[in-house]
Amino acid sequence: MSNEETKMRLNRRQMLGTTAFMAAAGAVGAGGALTLSGGTATPARAQETSGSSYEVKPGELDEYYVFFSSGQSGEIRIVGAPSMREMMRIPVFNRCSATGWGQTNESRKVMTEGLLPETVEFLKDQGGLYLNGDLHHPHPSFTDGTYDGRYLYANDKSNSRVCRIRLDVMKCDKIIQLPNQHTVHGLRVQKYPKTGYVFCNGEDAVPVPNDGKTMGDKNSYQAIFTAVDGETMEVAWQVMVDGNLDNVDADYQGKYCFATCYNSEEGFTLADMMASEQDWVVIFNLKRIEEAVAKGDYKEIGGVPVLDGRKGSPYTRYVPVPNSPHGINTAPDGIHVVANGKLSPTVTVFDVRKFDDLFDDKIQARDTVVAEPELGLGPLHTAYDGKGNAYTTLFIDSQVCKWNIEDAKRAYAGEKVDPIRHKLDVHYQPGHNHTSMGQTKEADGKWLISLNKFSKDRYLNVGPLKPENDQLIDISGDEMVLVHDNPTFAEPHDATIVHASKINPVHVWNRDDPFFADAVAQAKADNIDLMVDSEVIRDGNKVRVYMTSAAPAFGLDDFTVKQGDEVTVYVTNIDEVEDLTHGFCIVNYGINMEVAPQATASVTFKASRPGVYWYYCTWFCHAMHMEMKGRMLVEAQGA
């Protein structure tokens, strides 16, 4: 075995030892108040420290927006940093009682118009909607290597979807379901020249097409990598690959993206998935893929172009790395990319400048690797400070490791130098971590957030289900300083820290906004001015109720419909004062929706229950809030 192979390969005994250690750590850590942290059990209070101030005084504003995923809760959460105050939740894949997301016509259109035809058929007897989502990996759009404030994209692992949030109004305006692909795990966006593509990893292989006819034929199973056009929210192209895909990132030159693979064995069981001592990173050549699509060198499957990127393809290269790599993260220097080992104590550092030669077959795959430092047990994700330092989460060690990229390269070249600068205990078992602006060329090296999977003893006991623990860390000095614990509900998988200067939301809606354009068009057809008129339009057994709302009164004190009518209520908030949001709730009908200033919202339902049903404003918008109400009168059939 060559020295190069010795550097790279994870000894089978080491791998099994690491795996056993991980299992033991999970068993101890999940059950008790103590956790594995550098090999010692540390009480929570022993870790309290006073670092740089994270205090944001009353009336002052945070320096950063932090966009958190929520995993199985299905929403985006907006937190301010460094205060770590939660400011807003954006419902996306979930049903939201507060805002009516998933019930209003506007939100249902977003949630359904991008579904695959077979999914629409599948959901016909289930209300027409998926009622769950597993939202991971929120990432904003880029222009020239930094955030441009237009959009935020995220994936739904549970139902193979991708969403887009408009950052001017902080609302989801597009959701699409990916054909051919089964699950979406890693998601990142094109950094240069702009977004551009949204890259989506297919984690699990299934037969393509997945119609139940070839389930026993392993050769029919394929994992799929997808590029979505971030402007049109349509699939631009897909690439079939060998092995499962995990996480993904892109370069700063607009030439390549790259994904980790943790199941090169293409196994169906845990033992099968861990059988090999090596997996790989897949590198995608965007120019070659685009040229092939333009020339028609693809198969159309599920209505989209699909290219064959399996081993030997001109579109991809496979670089061997130690077993089960997880995160892959591009450094702000535009040169280095780090794949994190997970089952190996190492991370693998690539130099993107070598990728051209790799695709031109001038060098071997492992020649793109320039460092492979050993950092600790369970490296999952790496963040950067823009000063040449990297910060890697060590899941099993419950630590964040600060290390220097150039020193790691020197050590890989044979020099006796230790790249590790500092290790900090975190609480407990960290997954993702992110630095302020650290995923852009403008990394500022101020803050790091460690998203920890277990909180254990850090908070008052709230029962068997515990919060996660997101910890704010000051990285402005030579050593990291833990300054704040922040509990979060299930379950953030990722976060992005964006300087507030990059985001510029509106305070009130623009009346020309496309979000409620369908309501405007219907009102025009009914000769209704939404900003003025409050009227009832009957069209057979379909009734359209239009009303304005201006605190503290709705435009209609009551309206009458017949039992069995299909009723659509349109409410337009004509208040122009910022933060004067109204709500519209019909008692005992299960109807509630948000109506923000200058917005129109609508909801459609069947008036199946006769009688008197009051509607009222659910937002406290006025001193006469309790009086802001009216009656829906439902005439009984035959009355």
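Note that Cβ sites are derived from N, Cα and C of the backbone, with glycine treated the same way.
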Which single residue out of Ser220, Ser313, Ser324 does Swiss-Prot record at the Ca(2+) 2 site shared with Tyr262, Glu265, Met273, Asp279?
Ser324
For a three-state summary based on DSSP, what are the helix, strand and coil counts in the region 'COX2-like' (541-639)?
3 helix, 54 strand, 42 coil
A 10 Å Cβ contact count, applied to the binding-site residues His136, His185, His432, Lys453, His625: which residue has the minimum?
His625
Averaging the per-residue pLDDT over the region 'COX2-like' (541-639), what integer do you get?
97
Taking the centroid of the Cβ atoms of His582, Cys617, Cys621, Met628 (Cu cation A1 site), which other same-chain residues have Cβ within 8 Å of it?
Ser549, Ala551, Pro552, Phe554, Gly583, Tyr616, Thr618, Trp619, Phe620, His622, His625
Over all shown protein chains, what is the count of other CB atoms within 10 A of the CB belonging to Glu468 (Ca(2+) 1 binding site)?
21
Around His381 (Cu cation Z1 binding site), how many other CB atoms lie within 10 A of its CB?
26
